[in-house]
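K.L.:
Take a look at this one; I'll ask things after.
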Amino acid sequence: MKSVLYSYILFLSCIIINGRDIAPHAPSNGKCKDNEYNRHNLCCLSCPPGTYASRLCDSKTNTNTQCTPCGSGTFTSRNNHLPACLSCNGRCDSNQVETRSCNTTHNRICECAPGYYCLLKGSSGCKACVSQTKCGIGYGVSGHTSTGDVVCSPCGLGTYSHTVSSADKCEPVPSNTFNYIDVEINLYPVNDTSCTRTTTTGLSESISTSELTITMNHKDCDPVFRDGYFSVLNKVATSGFFTGENRYQNISKVCTLNFEIKCNNKDSSSKQLTKTKNDDGIMPHSETVTLVGDCLSSVDIYILYSNTNTQDYETDTISYHVGNVLDVDSHMPGSCDIHKLITNSKPTRFL
(Lines of atoms letter the chains of each structure in order from A and count residues from 1; the text may use other names and numbers.)
(Lines give C-alpha, C1' and ligand atoms only; values in the text may rest on other atoms or scores of the structure.)
Protein backbone atom coordinates (compact mmCIF):
# COMPACT_ATOMS: atom_id res chain seq x y z
CA MET A 1 0.00 0.00 0.00
CA LYS A 2 2.84 2.39 0.89
CA SER A 3 4.59 1.67 -2.42
CA VAL A 4 1.40 2.41 -4.36
CA LEU A 5 0.89 5.68 -2.50
CA TYR A 6 4.53 6.62 -3.04
CA SER A 7 4.22 5.92 -6.77
CA TYR A 8 1.08 8.05 -6.96
CA ILE A 9 2.77 10.98 -5.18
CA LEU A 10 5.77 10.60 -7.44
CA PHE A 11 3.44 10.60 -10.46
CA LEU A 12 1.79 13.81 -9.31
CA SER A 13 5.15 15.38 -8.59
CA CYS A 14 6.26 14.54 -12.08
CA ILE A 15 3.17 16.19 -13.49
CA ILE A 16 3.78 19.31 -11.44
CA ILE A 17 7.43 19.41 -12.46
CA ASN A 18 6.62 18.52 -16.06
CA GLY A 19 3.87 21.10 -16.03
CA ARG A 20 6.52 23.68 -15.33
CA ASP A 21 9.12 22.23 -17.65
CA ILE A 22 6.89 21.42 -20.63
CA ALA A 23 5.82 24.62 -22.28
CA PRO A 24 2.35 25.12 -23.70
CA HIS A 25 2.22 24.71 -27.46
CA ALA A 26 0.11 25.74 -30.38
CA PRO A 27 -2.67 23.37 -31.44
CA SER A 28 -1.87 20.79 -34.11
CA ASN A 29 -4.32 21.09 -36.97
CA GLY A 30 -6.37 23.34 -34.72
CA LYS A 31 -6.78 20.68 -32.00
CA CYS A 32 -5.23 19.82 -28.65
CA LYS A 33 -4.59 16.27 -27.37
CA ASP A 34 -7.08 14.41 -25.15
CA ASN A 35 -5.11 15.21 -22.00
CA GLU A 36 -4.84 18.91 -22.85
CA TYR A 37 -7.11 21.94 -22.86
CA ASN A 38 -7.05 25.09 -24.99
CA ARG A 39 -6.31 28.38 -23.25
CA HIS A 40 -5.58 31.57 -25.15
CA ASN A 41 -5.04 29.43 -28.27
CA LEU A 42 -2.41 27.33 -26.51
CA CYS A 43 -2.61 23.61 -25.63
CA CYS A 44 -1.99 23.15 -21.91
CA LEU A 45 -1.75 19.95 -19.85
CA SER A 46 -4.93 18.86 -17.99
CA CYS A 47 -4.74 17.63 -14.41
CA PRO A 48 -5.46 13.89 -13.93
CA PRO A 49 -8.31 12.50 -11.76
CA GLY A 50 -7.72 13.16 -8.08
CA THR A 51 -6.12 16.56 -8.67
CA TYR A 52 -7.13 20.09 -9.66
CA ALA A 53 -5.44 23.00 -11.41
CA SER A 54 -4.01 25.14 -8.63
CA ARG A 55 -2.45 27.30 -11.34
CA LEU A 56 -3.36 27.42 -15.02
CA CYS A 57 -0.84 27.58 -17.83
CA ASP A 58 0.61 31.02 -18.56
CA SER A 59 1.65 32.14 -22.03
CA LYS A 60 3.61 35.09 -20.66
CA THR A 61 5.84 32.95 -18.45
CA ASN A 62 5.55 30.00 -20.83
CA THR A 63 4.68 27.66 -17.92
CA ASN A 64 2.21 24.81 -17.99
CA THR A 65 -0.60 23.83 -15.60
CA GLN A 66 0.26 23.16 -11.97
CA CYS A 67 -1.83 20.31 -10.42
CA THR A 68 -2.49 19.72 -6.72
CA PRO A 69 -4.04 16.61 -5.08
CA CYS A 70 -7.63 16.83 -3.83
CA GLY A 71 -8.15 17.08 -0.10
CA SER A 72 -10.30 14.88 2.12
CA GLY A 73 -13.98 14.82 1.14
CA THR A 74 -13.30 16.17 -2.36
CA PHE A 75 -12.65 14.57 -5.74
CA THR A 76 -12.18 14.92 -9.47
CA SER A 77 -13.04 11.90 -11.59
CA ARG A 78 -11.57 12.90 -14.98
CA ASN A 79 -8.90 15.01 -16.61
CA ASN A 80 -9.62 18.63 -15.75
CA HIS A 81 -8.36 22.14 -15.21
CA LEU A 82 -10.81 22.99 -12.44
CA PRO A 83 -9.82 25.67 -9.91
CA ALA A 84 -10.83 23.34 -7.03
CA CYS A 85 -11.89 19.75 -6.42
CA LEU A 86 -15.59 18.91 -6.17
CA SER A 87 -17.20 18.12 -2.82
CA CYS A 88 -18.38 14.53 -2.30
CA ASN A 89 -22.04 13.82 -1.61
CA GLY A 90 -23.03 13.68 2.06
CA ARG A 91 -23.60 10.47 3.98
CA CYS A 92 -26.31 8.13 2.71
CA ASP A 93 -29.79 8.36 4.23
CA SER A 94 -31.14 5.66 6.52
CA ASN A 95 -33.11 4.10 3.63
CA GLN A 96 -29.99 3.94 1.43
CA VAL A 97 -26.77 1.92 1.29
CA GLU A 98 -23.36 3.23 0.24
CA THR A 99 -22.21 1.35 -2.85
CA ARG A 100 -19.04 3.42 -3.35
CA SER A 101 -17.24 5.52 -0.78
CA CYS A 102 -15.87 9.00 -1.33
CA ASN A 103 -12.21 9.21 -2.39
CA THR A 104 -10.10 11.66 -4.36
CA THR A 105 -11.10 10.18 -7.72
CA HIS A 106 -14.76 9.22 -7.12
CA ASN A 107 -17.87 10.72 -5.58
CA ARG A 108 -19.85 8.82 -2.94
CA ILE A 109 -22.69 6.76 -4.46
CA CYS A 110 -25.85 5.87 -2.51
CA GLU A 111 -28.45 3.39 -3.75
CA CYS A 112 -31.77 2.36 -2.24
CA ALA A 113 -31.72 -0.21 0.55
CA PRO A 114 -33.74 -3.44 0.18
CA GLY A 115 -37.46 -2.68 0.43
CA TYR A 116 -37.10 0.76 -1.21
CA TYR A 117 -37.01 1.99 -4.80
CA CYS A 118 -35.58 5.12 -6.40
CA LEU A 119 -38.01 7.95 -7.04
CA LEU A 120 -35.37 10.45 -8.20
CA LYS A 121 -32.08 9.39 -9.80
CA GLY A 122 -28.99 11.57 -9.90
CA SER A 123 -25.60 11.43 -11.60
CA SER A 124 -24.16 9.76 -8.50
CA GLY A 125 -26.80 7.26 -7.41
CA CYS A 126 -30.30 7.84 -6.09
CA LYS A 127 -31.38 11.12 -4.54
CA ALA A 128 -34.75 10.00 -3.12
CA CYS A 129 -35.77 6.47 -2.05
CA VAL A 130 -39.32 5.50 -1.06
CA SER A 131 -40.77 2.30 0.40
CA GLN A 132 -41.76 -0.42 -2.04
CA THR A 133 -45.33 -1.69 -2.05
CA LYS A 134 -45.80 -4.68 0.26
CA CYS A 135 -47.79 -7.61 -1.08
CA GLY A 136 -50.36 -8.90 1.39
CA ILE A 137 -51.14 -12.44 2.45
CA GLY A 138 -52.26 -14.41 -0.59
CA TYR A 139 -50.27 -12.17 -2.96
CA GLY A 140 -46.68 -12.43 -4.14
CA VAL A 141 -44.14 -10.28 -5.97
CA SER A 142 -44.55 -10.93 -9.70
CA GLY A 143 -42.37 -8.15 -11.10
CA HIS A 144 -41.37 -4.52 -10.83
CA THR A 145 -42.47 -1.26 -12.38
CA SER A 146 -40.17 0.86 -14.53
CA THR A 147 -39.25 2.86 -11.42
CA GLY A 148 -38.50 -0.25 -9.35
CA ASP A 149 -41.66 -0.52 -7.27
CA VAL A 150 -43.13 -3.97 -6.62
CA VAL A 151 -45.96 -5.49 -8.67
CA CYS A 152 -48.21 -7.78 -6.59
CA SER A 153 -50.27 -10.60 -8.09
CA PRO A 154 -52.64 -13.09 -6.44
CA CYS A 155 -51.18 -16.52 -5.78
CA GLY A 156 -52.57 -19.06 -8.23
CA LEU A 157 -53.82 -22.57 -7.59
CA GLY A 158 -51.15 -24.68 -5.90
CA THR A 159 -49.17 -21.64 -4.66
CA TYR A 160 -49.41 -19.47 -1.56
CA SER A 161 -47.92 -16.59 0.39
CA HIS A 162 -48.45 -16.12 4.11
CA THR A 163 -46.27 -13.02 4.54
CA VAL A 164 -46.67 -9.28 4.03
CA SER A 165 -43.54 -8.50 2.05
CA SER A 166 -42.02 -6.46 -0.78
CA ALA A 167 -39.70 -9.35 -1.71
CA ASP A 168 -41.50 -12.70 -1.25
CA LYS A 169 -42.99 -14.47 -4.25
CA CYS A 170 -45.81 -17.01 -4.25
CA GLU A 171 -44.36 -20.38 -3.25
CA PRO A 172 -45.52 -23.89 -4.17
CA VAL A 173 -47.92 -25.29 -1.60
CA PRO A 174 -46.17 -27.83 0.67
CA SER A 175 -47.41 -31.37 0.37
CA ASN A 176 -49.97 -32.61 2.90
CA THR A 177 -51.46 -29.22 3.72
CA PHE A 178 -54.86 -27.64 3.85
CA ASN A 179 -55.59 -24.00 4.23
CA TYR A 180 -58.98 -22.99 5.52
CA ILE A 181 -60.69 -23.52 8.86
CA ASP A 182 -63.96 -21.69 9.38
CA VAL A 183 -65.78 -21.83 12.70
CA GLU A 184 -69.20 -20.20 12.67
CA ILE A 185 -71.37 -19.82 15.73
CA ASN A 186 -75.02 -18.86 15.30
CA LEU A 187 -76.78 -17.52 18.39
CA TYR A 188 -80.55 -17.14 18.59
CA PRO A 189 -80.77 -14.64 21.49
CA VAL A 190 -83.66 -14.70 23.94
CA ASN A 191 -83.38 -11.30 25.62
CA ASP A 192 -82.25 -7.78 24.85
CA THR A 193 -78.85 -8.03 26.53
CA SER A 194 -77.91 -11.24 24.73
CA CYS A 195 -77.61 -9.20 21.53
CA THR A 196 -74.38 -7.68 22.92
CA ARG A 197 -71.17 -9.56 22.16
CA THR A 198 -67.58 -9.32 23.40
CA THR A 199 -64.60 -11.31 22.12
CA THR A 200 -61.09 -12.30 23.16
CA THR A 201 -58.39 -13.70 20.88
CA GLY A 202 -55.33 -15.93 21.09
CA LEU A 203 -54.86 -19.67 21.60
CA SER A 204 -58.02 -19.48 23.67
CA GLU A 205 -60.70 -17.41 21.97
CA SER A 206 -64.12 -16.58 23.30
CA ILE A 207 -67.45 -14.96 22.51
CA SER A 208 -69.59 -13.76 25.42
CA THR A 209 -73.13 -12.50 25.84
CA SER A 210 -75.10 -11.78 28.99
CA GLU A 211 -76.38 -15.36 28.99
CA LEU A 212 -73.41 -17.50 27.97
CA THR A 213 -69.72 -17.66 27.10
CA ILE A 214 -68.36 -19.81 24.28
CA THR A 215 -64.63 -20.57 24.41
CA MET A 216 -62.60 -22.27 21.69
CA ASN A 217 -59.15 -23.82 22.27
CA HIS A 218 -57.11 -25.14 19.37
CA LYS A 219 -54.03 -27.34 19.01
CA ASP A 220 -51.85 -28.24 16.00
CA CYS A 221 -53.74 -25.88 13.72
CA ASP A 222 -54.25 -22.17 13.47
CA PRO A 223 -57.84 -20.98 13.09
CA VAL A 224 -56.94 -17.31 13.34
CA PHE A 225 -59.57 -15.02 14.80
CA ARG A 226 -60.14 -12.23 12.34
CA ASP A 227 -62.29 -9.16 12.92
CA GLY A 228 -65.41 -11.11 13.67
CA TYR A 229 -68.78 -9.71 12.79
CA PHE A 230 -71.99 -9.50 14.70
CA SER A 231 -75.12 -8.88 12.79
CA VAL A 232 -78.79 -9.54 12.92
CA LEU A 233 -79.52 -11.13 9.59
CA ASN A 234 -82.91 -12.78 9.27
CA LYS A 235 -83.13 -12.28 13.04
CA VAL A 236 -80.08 -14.46 13.76
CA ALA A 237 -77.12 -13.07 15.69
CA THR A 238 -73.95 -14.44 14.09
CA SER A 239 -70.36 -14.51 15.30
CA GLY A 240 -67.37 -16.31 13.85
CA PHE A 241 -63.78 -17.45 14.17
CA PHE A 242 -62.09 -17.36 10.78
CA THR A 243 -58.76 -18.28 9.20
CA GLY A 244 -57.25 -16.52 6.25
CA GLU A 245 -57.71 -18.42 3.00
CA ASN A 246 -53.96 -18.62 2.42
CA ARG A 247 -52.85 -19.85 5.84
CA TYR A 248 -51.70 -23.41 5.39
CA GLN A 249 -52.05 -26.16 7.98
CA ASN A 250 -49.90 -29.28 8.18
CA ILE A 251 -52.16 -32.32 7.99
CA SER A 252 -49.48 -34.64 9.32
CA LYS A 253 -50.90 -33.49 12.67
CA VAL A 254 -54.48 -33.74 13.87
CA CYS A 255 -56.17 -30.36 14.18
CA THR A 256 -57.93 -30.38 17.57
CA LEU A 257 -60.69 -27.92 18.46
CA ASN A 258 -62.30 -27.91 21.90
CA PHE A 259 -65.36 -25.76 22.62
CA GLU A 260 -67.02 -24.97 25.91
CA ILE A 261 -70.49 -23.41 26.03
CA LYS A 262 -70.90 -22.14 29.59
CA CYS A 263 -74.30 -20.84 30.60
CA ASN A 264 -74.29 -17.98 33.07
CA ASN A 265 -76.50 -19.61 35.68
CA LYS A 266 -76.03 -21.68 38.82
CA ASP A 267 -76.28 -25.00 36.99
CA SER A 268 -72.79 -26.60 36.94
CA SER A 269 -73.71 -29.86 35.24
CA SER A 270 -71.90 -30.61 31.99
CA LYS A 271 -72.27 -32.90 28.99
CA GLN A 272 -70.64 -33.58 25.65
CA LEU A 273 -72.66 -32.60 22.60
CA THR A 274 -73.14 -35.05 19.75
CA LYS A 275 -72.33 -34.04 16.20
CA THR A 276 -75.40 -33.36 14.09
CA LYS A 277 -73.37 -33.54 10.88
CA ASN A 278 -70.07 -35.26 10.20
CA ASP A 279 -68.39 -35.37 6.78
CA ASP A 280 -64.98 -36.69 7.86
CA GLY A 281 -62.71 -37.76 5.05
CA ILE A 282 -60.22 -35.37 3.50
CA MET A 283 -58.07 -34.37 6.50
CA PRO A 284 -57.47 -35.36 10.14
CA HIS A 285 -59.29 -33.34 12.78
CA SER A 286 -60.91 -33.78 16.17
CA GLU A 287 -63.59 -31.71 17.93
CA THR A 288 -65.36 -31.70 21.26
CA VAL A 289 -68.16 -29.42 22.43
CA THR A 290 -68.96 -29.32 26.15
CA LEU A 291 -72.11 -27.70 27.49
CA VAL A 292 -71.97 -26.45 31.11
CA GLY A 293 -75.36 -25.56 32.57
CA ASP A 294 -78.57 -25.02 30.66
CA CYS A 295 -78.86 -22.07 28.26
CA LEU A 296 -82.08 -20.65 26.90
CA SER A 297 -80.49 -19.38 23.69
CA SER A 298 -80.25 -21.70 20.72
CA VAL A 299 -76.64 -22.24 19.62
CA ASP A 300 -75.41 -23.74 16.33
CA ILE A 301 -71.70 -24.44 15.77
CA TYR A 302 -70.48 -25.13 12.24
CA ILE A 303 -66.88 -26.10 11.45
CA LEU A 304 -65.68 -26.17 7.86
CA TYR A 305 -62.29 -27.62 6.88
CA SER A 306 -61.42 -26.84 3.27
CA ASN A 307 -58.62 -27.87 0.96
CA THR A 308 -58.46 -25.01 -1.52
CA ASN A 309 -55.46 -26.54 -3.31
CA THR A 310 -57.82 -28.72 -5.31
CA GLN A 311 -59.86 -27.62 -8.27
CA ASP A 312 -63.13 -28.88 -6.76
CA TYR A 313 -62.50 -27.27 -3.34
CA GLU A 314 -62.83 -30.35 -1.09
CA THR A 315 -64.38 -29.78 2.34
CA ASP A 316 -65.25 -31.49 5.61
CA THR A 317 -68.20 -30.06 7.54
CA ILE A 318 -68.91 -30.66 11.24
CA SER A 319 -71.88 -29.20 13.10
CA TYR A 320 -73.35 -29.14 16.61
CA HIS A 321 -76.59 -27.82 18.04
CA VAL A 322 -77.82 -27.07 21.56
CA GLY A 323 -80.99 -25.42 22.85
CA ASN A 324 -84.53 -25.28 21.61
CA VAL A 325 -85.30 -23.99 18.17
CA LEU A 326 -87.19 -20.82 18.98
CA ASP A 327 -90.04 -19.17 17.20
CA VAL A 328 -87.84 -16.14 16.53
CA ASP A 329 -90.65 -14.17 14.91
CA SER A 330 -92.57 -14.30 18.20
CA HIS A 331 -89.73 -14.31 20.71
CA MET A 332 -86.99 -12.16 19.14
CA PRO A 333 -86.17 -9.23 21.47
CA GLY A 334 -86.98 -5.86 19.95
CA SER A 335 -83.46 -4.45 20.27
CA CYS A 336 -82.00 -7.39 18.34
CA ASP A 337 -84.40 -6.72 15.51
CA ILE A 338 -82.90 -3.29 14.86
CA HIS A 339 -79.27 -3.94 15.93
CA LYS A 340 -77.15 -4.19 12.79
CA LEU A 341 -73.37 -3.89 12.97
CA ILE A 342 -71.25 -5.52 10.28
CA THR A 343 -67.44 -5.15 10.22
CA ASN A 344 -64.83 -6.24 7.69
CA SER A 345 -65.01 -9.99 7.90
CA LYS A 346 -65.52 -12.86 5.54
CA PRO A 347 -69.20 -13.58 4.82
CA THR A 348 -70.64 -16.71 6.30
CA ARG A 349 -70.83 -19.79 4.13
CA PHE A 350 -73.80 -21.25 5.97
CA LEU A 351 -76.58 -18.65 6.03
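Backbone N, Cα and C define each Cβ position, glycine as well.
Pulled the feature table from Swiss-Prot, pasting it below:
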DISULFID  Cys32-Cys43  disulfide bond
DISULFID  Cys44-Cys57  disulfide bond
DISULFID  Cys47-Cys67  disulfide bond
DISULFID  Cys70-Cys85  disulfide bond
DISULFID  Cys88-Cys102  disulfide bond
DISULFID  Cys92-Cys110  disulfide bond
CARBOHYD  Asn103  N-linked glycosylation site
CARBOHYD  Asn191  N-linked glycosylation site
CARBOHYD  Asn250  N-linked glycosylation site
REPEAT    31-67  repeat 'TNFR-Cys 1'
REPEAT    69-110  repeat 'TNFR-Cys 2'
SIGNAL    1-19  signal peptide
K.L.:
Listed disulfide-bonded residues are Cys57, Cys85, Cys88; which of them have CA atoms within 10 A of the CA of Cys43 (disulfide bond)?
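P.N.:
Taking Cys57, Cys85, Cys88 one by one, the ones whose Cα falls within 10 Å of Cys43 (disulfide bond) are Cys57.
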K.L.:
Do you see any of the disulfide-bonded residues Cys32, Cys44, Cys47, Cys57, Cys88 whose C-alpha is within 10 Å of Cys70 (disulfide bond), and which ones?
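P.N.:
Near Cys70 (disulfide bond) by Cα: none of them.
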K.L.:
By a 10 A CB contact count over all chains shown, which of the disulfide-bonded residues listed here is most packed: Cys47, Cys70, Cys88, Cys92, Cys102?
P.N.:
Cys47
K.L.:
Measuring CA to CA, name the entry from the disulfide-bonded residues Cys57, Cys67, Cys92 that ends up nearest Cys32 (disulfide bond).
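P.N.:
Closest candidate to Cys32 (disulfide bond), judged by Cα separation, is Cys57.
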K.L.:
Kindly report the helix/strand/coil residue split of the repeat 'TNFR-Cys 1' (31-67) according to DSSP, in that order.
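P.N.:
Its residues divide into 0 helix, 19 strand, 18 coil.
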K.L.:
Run through the repeat 'TNFR-Cys 2' (69-110) and tell me, per DSSP, how many residues are helix, strand and coil.
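P.N.:
Taking the repeat 'TNFR-Cys 2' (69-110) as a whole: 0 helix, 15 strand, 27 coil.
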K.L.:
Any idea what the Cα distance is from Cys92 (disulfide bond) over to Cys44 (disulfide bond), rounded to a whole Å?
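P.N.:
Rounded to the nearest whole number, the Cα-Cα distance is 38 Å.
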K.L.:
Using Cβ-Cβ distances, find the residues under 8 Å from Cys44 (disulfide bond) that belong to the same chain and are at least 6 apart in sequence, listing them in sequence order.
P.N.:
Pro24, Cys32, Glu36, Tyr37, Asn38, Leu56, Cys57, Asn64, Thr65, His81
